[in-house]
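Going by TrEMBL, these are the annotated features:
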{"type": "TRANSMEM", "residues": "A:15-38", "note": "transmembrane segment"}
{"type": "TRANSMEM", "residues": "A:50-69", "note": "transmembrane segment"}
{"type": "TRANSMEM", "residues": "A:81-99", "note": "transmembrane segment"}
{"type": "TRANSMEM", "residues": "A:144-160", "note": "transmembrane segment"}
{"type": "TRANSMEM", "residues": "A:166-183", "note": "transmembrane segment"}
{"type": "TRANSMEM", "residues": "A:188-205", "note": "transmembrane segment"}
{"type": "TRANSMEM", "residues": "A:276-294", "note": "transmembrane segment"}
{"type": "TRANSMEM", "residues": "A:306-323", "note": "transmembrane segment"}
{"type": "TRANSMEM", "residues": "A:343-363", "note": "transmembrane segment"}
Amino acid sequence: MIINKKLFKNIDYSIIFSMICITVLGIITIGSATLAITSDGISMSVLKTTVFQIVYFIVSLIIGFFILMVDYNTIGSYYKILYAGSIFLLIVVLAVGSVRNNAKSWLGIGPFGIQPSEFAKITTIITLSKLMEDMDNINKPKNLIKLIIVSIIPMGLIQLQPDTGTNLIFFVTIIGMLFMAGLDLKFIYGGAIAAIISVVGIWKLNILKPYQKDRILVFFRPEMDKLGKGYNALLAKTAIASGKFFGTGWAGGLTNGKFIPESHTDFIFCVFAEKWGFLGAMLLFALYLNIIYKSIRIANTSKDKFGFYMIMGIITMFLFQILQNIGMDIGLMPITGITLPLVSYGGSSLLTSIISIALILNVGMRRQKINF
Amino acid sequence: MMKKKPDRVTAYMIIVAVIFTLLISRLIYLQIIKGDYYRSVAENMGGKEINELASRGELLDRNGLKLATNKQSFNITYANINPKQKNEEINSTLIKVIRIIIKNGDADKINTQNLPIKIEENNYSFQFNTTSEKLKITLEKNFKKKYKIDENLDAKSTFLTLSDNFGLTEKDDNGNIVLKNDLNMDEIQKLISLRLTIKEVGYSQYKTVYIAKNVSKKTAFSIQSKSEELPSIICKVDPMRYYPNNEVGSAFLGYLGKIDESESELYKSLGYDISRELVGKLGLEKTLENNKDLNIALRGEPGVRYVQVDKYGRIIKEIASLDPIPGDTVKTTIDLKLQKVAEQALQDTMRKISTGEIKTDEPYPNANRGAAVVVDVNTGEILALASTTLKSSPDDPSYDPNLFVETGSIKDPVIVKKLFGDPNVKDIYDLNPKPMFNYATMGSGPPGSTFKPLTALAALEENVINSSTIIDCKGKYDQYRACWIWNEQHRGHGPVDVSKALQVSCNYFFFETASRLGYERFANWAWKFGLSSNPQTGEAPYTGIEIDEKPGDVSNPFKYKIKYINSAMNEIVKTLSETKYGSIAITKGTQEYKIIEQMLLNGEFDEKQLQKLQIDSNTSQGKKAVDYIKRKINSFESQANSRGELLNAAIGQGSTLLTPLQMASYISTLANGGTRYKLHLIKQVLNSDGSVKMDIQPEVINKIDIDPQNLSLIKSGMAKVTEEGGTAASAFQNYSLPTAGKTGSASVSEGQKNHGRAAYGWYVGFAPVDNPKIAVAVVIYDAGHGGYVAGIARSIYDAYFGLNENSAQKPNK
């Protein structure tokens, strides 16, 4: 592997800094959230989750570093293999995967299991970026259909698990990419209308599982259903708000009860905002915004459309996950099982986020044509 | 550079800005504007973990009738939901609750145990549930230490300090601290007690504090309906132990009590909530509380409910729950009907003897405690086990385990004194009836003549007498002992054979028999029947019963030695310290002491051992000492093996002490021809769903080889006891069922007699004679004569064999 050391001069270190800060804050918060799960003090499970997350982080950083070594165009050129590989994994997980949280989404056992749908997000972004780069106009029906087919295969497989949350990310990410690639606005409007019709259709035709319906229903009237399904939403809001400006500190707060489910994964922001308050939340937002803003700048200066599309895909994915995850905690979005990038507990999620950021940096460091 | 679409990037940036603006403004709204509100909501929302106690396993009689069961009780509890509550808030809630409870007539159910201060008029005094002055001082000290009160404060100052701590005082016009006058004294006392209880549990959110236990439905509903005004107060329904037959069977059932400090570590490790769980204290409740060896646990496994409560402490959502697993149901071998009859017959007979209703040779006013045991001779199942004290009136408090079920202790000091005795009164002559004491399993006394069948059997089996052996009873046997007939009528029984000797309970015959038998063979037979320590290993006798027992021991040389070893050693130590023996200093616990002690116990003098102790015959003083020790060992040995000890033991006197349970075991073994079954109370164990967990099979401890001819000789002698001319003839007059038995009137020393003691009245027997089914052992202390108590056995036979239903119904006739 030949690396030109000059390339490292082009790396945006503030993104790396933000990424590390967010992940470390996440690990501390996970420790606090799992501490809450075991009310009798620091038990093995606290250490276990915290240590596992640290290990995932280190492994992810190493993998991310290797991704920096390889030109993103080289990675892009393997898009067919990457795409096929992720489809293959999605099929395998349906065949032999294990069920977690009502979805058959895990491969392998114990803490070292992986979620193929997480990786499919990246391979799909790469594949679509590569395909769109080669298209002179994506608005041509032939091109659009091609893009839709490429998108719909992984989404279909993911829906079979079923993992609607991830598909929601896919959907928004792909829309975002198409928008950035110059999708005609009439498609966007048309799509919106189609979406409304299909939502009603899905609802009426009982395609959604009961718990999915519950979550959506509850979103519209959480206050009316204090004791039932809206309970989590209410509890999440209460936890966050009770953090006030400065937070309750690492060991304080409501989440010390065992009452917020998945407080170290999906509802991690509740714990975060309760412990670190508004101040902590603003710090987190600043770090995220730094990554997003710098990434868009890199996209803008990238040497090719592939890099531009890929970064915009990744950023859209991040942005939506942030909006959705935090939004559901504060009552802006319905409750779905979507992780908060870099913060939520889980190896696959963390690895995907760090690979994504590595790809952004990869584009950034190779933004100028290098003359030997 | 590629061709970009700057318009879309700008649009994208705007979308990003909008999203973050949305999130931030929402956070500003929640965390900054509504933060205080939600913080207080969060504090009040504190989740709770409610432990649901499992309902305790039931105890049934052999026919499935309930001996111990559970009923629902309403308990008012304080849930420590908001640890930051202010004094005023807690007080106002508690006082409301106290008033509701008092209004509904449940004042005595309020938990006032934690305030040991009694206030009468203006007199304040510390009040502890003990009569021992020493313990009172310790308890007072502990109390003050626990709540950080100055040790030197008197009761009144302590009370004021506590009131002040809990915000119940104010300053009067002169600046003195006085109690707030909006509450009356009774309310303040109750309030302080509850506050102390809450404080004791500490700020642990998950502990439940009982404000009042087992309140009426009315009280419970009043509290429930006002729950909005009563934050943190929860009305809970818990299972509570219930003994439907009250005191019947309490001797083997036991009761539930608080976990003592000494047991707290053990129970903590077993997962008990030591602040509120009650545990078995005596009998089966204790033995089966959590018995890993028998694999029986009455306690079951508590469940837990994780709940969310609102600011009123009401449960608004159950997050998760784990159902409690009820304890094992235990079917006992007891026959409830028989048990009732046994207890009633004991009670009636005690009353009749003590009041003179039964004609006695002299008054026996202290015949007020006793026991009866009924055993199935073919299985060792205990059909009835009664330990009873005389009730002076029907309302007299007795050992009813229901008295303890609410709190694990009894509040009324009068009842406590009655049940547990007054520790200030020394009862060296064991005159006071002790309702909580199990006279059947723990109370060993001299069995007197009821022991004679065993002496006779041993002599027959060892061929020192036979069926035709005739001994001429001359009344007076030797310098120290005579037949009872000599003492009463100054004559002898004349020539008697073994059968006749049993019938008339001739001491003379048994003195002579034992004399021929010798100590060793005598003790060996006692051991075979479970009445004496193992002569080889020294293992103490036992009957096998599951509950605690304290079996006695037939007099034997080893027992004699153990009893007198200390006084013998004291004498030796004292003597050796004299100058003429060389001023040898031996202190208790040293190696020297132990060596000499061991020699005494073994009865073997060993000069070499003494030399090791620097006691040798080289000096004149040393020689004296060695000789003295040698003499002492020999005399101790011969005292222990003295003929006198043996002769006394042969008629169930001397240092022989046995429990009614042991006697029942021995008679049962005799009745069935030599099979010594393990006596047991548990017949079957059922799972909570009613399926059988295990069946308890009869277990043979020992099979004794007995010549059938000898056996029938003994049995016929015992049968004659109940016939015309026998010592129990009057009790079994015109009885349709042929039974066999033996009376025992174990005399007490003159010294004890002068203090009101009298002979133990024993009766042991079995029925029917030819094909024995049950064996009975009965004792009433200070009853004067065994003949007076034989009627109890008859009532038991009546009930078991379904005879004379009419006369059994009218015990007075």
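For all residues, glycine too, the Cβ spot is worked out from N, Cα and C.
Just going by CB pairs under 8 A, the stretch in A:81-99, A:188-205, A:276-294, A:306-323 that sits most against the transmembrane segment (A:144-160) is A:81-99. Ranking A:50-69, A:166-183, A:343-363 by CB pairs under 8 A with the transmembrane segment (A:306-323) puts A:166-183 at the top. Across the candidate stretches A:166-183, A:188-205, A:276-294, A:343-363, the maximum count of CB pairs under 8 A to the transmembrane segment (A:50-69) is reached by A:343-363. Remote same-chain residues near the transmembrane segment (A:276-294) are listed as 12, 14-15, 18-19, 21-22, 25, 29, 243-248, 269, 315, 318-319, 322, 343, 357 (criterion: CB distance under 8 Å, separation of at least six residues from the stretch ends).
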